[in-house]
Amino acid sequence: MVAEDAPVRGTCRVLFRTTTLLFLCTLLSLSISILYESLITQNQIMSQAGSTGSNSGLGSITDLLNNILSVANQIIYNSAVALPLQLDTLESTLLTAFKSLQTSDKLEQNCSWGAALINDNRYINGINQFYFSIAEGRNLTLGPLLNILSFIPTATTPEGCTRIPSFSLTKTHWCYTHNVILNGCQDHVSSNQFVSMGIIEPTSAGFPSFRTLKTLYLSDGVNRKSCSISTVPGGCMMYCFVSTQPERDDYFSAAPPEQRIIIMYYNDTIVERIINPPGVLDVWATLNPGTGSGVYYLGWVLFPIYGGVIKDTSLWNSQANKYFIPQMVAALCSQNQATQVQNAKSSYYSSWFGNRMIQSGILACPLQQDLTNECLVLPFSNDQVLMGAEGRLYMYGDSVYYYQRSNSWWPMTMLYKVTITFTNGQPSAISAQNVPTQQVPRPGTGDCSATNRCPGFCLTGVYADAWLLTNPSSTSTFGSEATFTGSYLNTATQRINPTMYIANNTQIISSQQFGSSGQEAAYGHTTCFRDTGSVMVYCIYIIELSSSLLGQFQIVPFIRQVTLS
């Protein structure tokens, strides 16, 4: 698939839905017109011929209206329910057919193996979904670790370091990237970037394995940092920024660092562009990828972002006096309401980072090769999210969700449902609805440890995203009972004791610590999927683990089955 063909499906859906809406509006107008004429006719008949004739005329008009409404209802059902389901089924059928038609590995001698970039049929329909009902979510447990071949390369010297993983999975394939530092773990001087793509296949033991089909090693002297990756049709898109100074210095800068988009296709086409999104220069002192993965949505690739906003700019002023306090805080914080509000308002501004406002948002880029000025920056409203931080975007069916790292004072897992508004075919605004939870805490320093429950200024924590196993919208009150899984560092203040868990809003349901007590670790990424053949749900937990042999950190993928007990 070439880059120009990528948005075709989304465009066709938009055209179909637009045409359907216009047709329905026409039917509605005709119905109103007929009803209006019928009322006039009824009055004329009653004044001239009495009630007997009017009843007959009115009955025929009522029958006509019923017929029109019946047709309209059928059109609404077909366009809103039946056709989307048929399109989804057709897509899955085509993917399955492509997979079965891929070149066989039993080829003539000296010919290459022509694997298609499509996951095994068992997984195509089991990706990016909610896998359990609310009731089932109360009875989930973690299975044992499964022994898979790692698709993530590691350092090969004691001085090397691999850090900041980003992983994205769709129906067709997966994409992965991490930073490679040759000496130490500081990435602001010199580093390289590893990128790979591949597919999920079953092993002879029945559980899944991740097969790498393409790799790219960016070692060209450009210090790309904090890269986020997203699967796109036919390949991967990666968003990075370029800097050779410490993070704090980025926030003190007058202009944001260089922003780059890299597109890598399965056919070995590689495109890299320096992008200049409008509204960034003179507004953002620094703009950073969220490191967690992005998503492909309606022809646009969306990436999580955060950074420092310059004082007295339009964005700064639009966020004045806005603050967000998670729902669970009211019952857990001993501060009075006025103190909570004041502390929450001030938590977005950091003297350590040059008195910038620390802001989260989304970078939206159309899937095309000329991206210099086409990407858009969409900030979240700060009365809906906490202080800006690293993050990740997810697709569950047709819904977009967002994870925000708990850098700020609230130490619990922060997940949001995102609504994206489109204007003239472009994303123009975003809003976020928090999934309320008082689990699972991250470690932090000082007054910002895992035990903190009250608003205040914090700049701490660690990236530890989570995967929703149940749909927060399935309850009458959004998110009142949601179950999710991930990995966290089970301590109040230190980055130690990596633990995989299943939790709901109020408690950890099941957990398994990896390694001995005191094992050092850092970032954690979690993605789940279903084997539709066996109906089993698997989760991959990608965790940065410290190593005493090779490098300060190694990135390790762990696979577990989530079982319904």
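Every residue, even glycine, has its Cβ placed from backbone N, Cα and C.
Annotated topological domain 'Intravirion' per Swiss-Prot: 1-19, in sequence order. Here the topological domain 'Intravirion' (1-19) returns a mean pLDDT of 53 for the predicted model.
Swiss-Prot lists 20-40 with the feature transmembrane segment, giving sequence analysis as the kind of evidence.
If you look up Swiss-Prot, you'll see 41-565 marked as topological domain 'Virion surface'.
Taken from Swiss-Prot, the feature N-linked glycosylation site covers N110 (among others).
Counting every protein chain shown, 13 other Cβ atoms lie within 10 Å of the Cβ of N139 (N-linked glycosylation site). Under the three-state DSSP scheme, N139 (N-linked glycosylation site) falls in the coil class. The N-linked glycosylation site feature in Swiss-Prot is assigned to N139 (among others); the stated evidence is sequence analysis.
The C-beta environment of C185 (disulfide bond), restricted to residues of the same chain at least 6 apart in sequence and closer than 8 Å, consists of C161, R163, Q552, F553. What Swiss-Prot records for C161-C185 (among others) is disulfide bond.
Under the heading disulfide bond, Swiss-Prot lists C175-C236 (among others), citing similarity to another entry as support. Of all Cβ atoms in the shown protein chains, 24 besides its own fall within 10 Å of the Cβ of C236 (disulfide bond).
What Swiss-Prot lists as region 'Involved in neuraminidase activity' is 223-228, and the listing cites similarity to another entry. Listed by sequence, the residues of this chain that lie at least six past the ends of the region 'Involved in neuraminidase activity' (223-228) yet keep a Cβ under 8 A from its Cβ atoms are 164, 166, 177, 179, 187-191, 193, 238-244, 260, 288-294, 303-304, 390.
Sequence annotations record features per position, and here Swiss-Prot assigns disulfide bond to C227-C240 (among others) based on similarity to another entry. Note on C240 (disulfide bond): other Cβ atoms within 10 Å of its Cβ, all shown chains, come to 28.
Under the three-state DSSP scheme, N267 (N-linked glycosylation site) falls in the coil class. The N-linked glycosylation site annotation in Swiss-Prot covers N267 (among others).
Look at Swiss-Prot and you will find C333-C454 (among others) tagged as disulfide bond, backed by similarity to another entry. Taking the Cβ of C333 (disulfide bond) as centre and 10 Å as the limit, one finds 19 other Cβ atoms among all the protein chains shown.
If you draw a 10 Å sphere around the CB of C365 (disulfide bond), it holds 23 other CB atoms from the protein chains shown. Positions annotated as disulfide bond by Swiss-Prot: C365-C375 (among others).
According to Swiss-Prot, the disulfide bond annotation covers C448-C458 (among others), on the basis of similarity to another entry. Taking the Cβ of C448 (disulfide bond) as centre and 10 Å as the limit, one finds 23 other Cβ atoms among all the protein chains shown.
Taken from Swiss-Prot, the feature N-linked glycosylation site applies to N504 (among others). The number of other Cβ atoms within 10 Å of the Cβ belonging to N504 (N-linked glycosylation site), over all protein chains shown, comes to 20.
Other C-beta atoms found within 10 angstroms of the C-beta of C528 (disulfide bond) number 24, with every protein chain shown included. Residues annotated as disulfide bond in Swiss-Prot, with similarity to another entry given as evidence: C528-C539 (among others).
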Helix-strand-coil residue split for the region 'Involved in neuraminidase activity' (223-228), DSSP-based: 0 helix, 5 strand, 1 coil
Using Cα positions only, nearest of the recorded positions to C448 (disulfide bond) (N267, C365, C375, C539): C539
DSSP-derived class (H/G/I helix, E/B strand, else coil) of C175 (disulfide bond): strand
Candidates C227, C240, C375 (disulfide-bonded residues) - the one closest to C528 (disulfide bond) by CA: C227
Subset of recorded positions (N139, C227, C375) lying within 10 A of C454 (disulfide bond), CA to CA, in sequence order: none
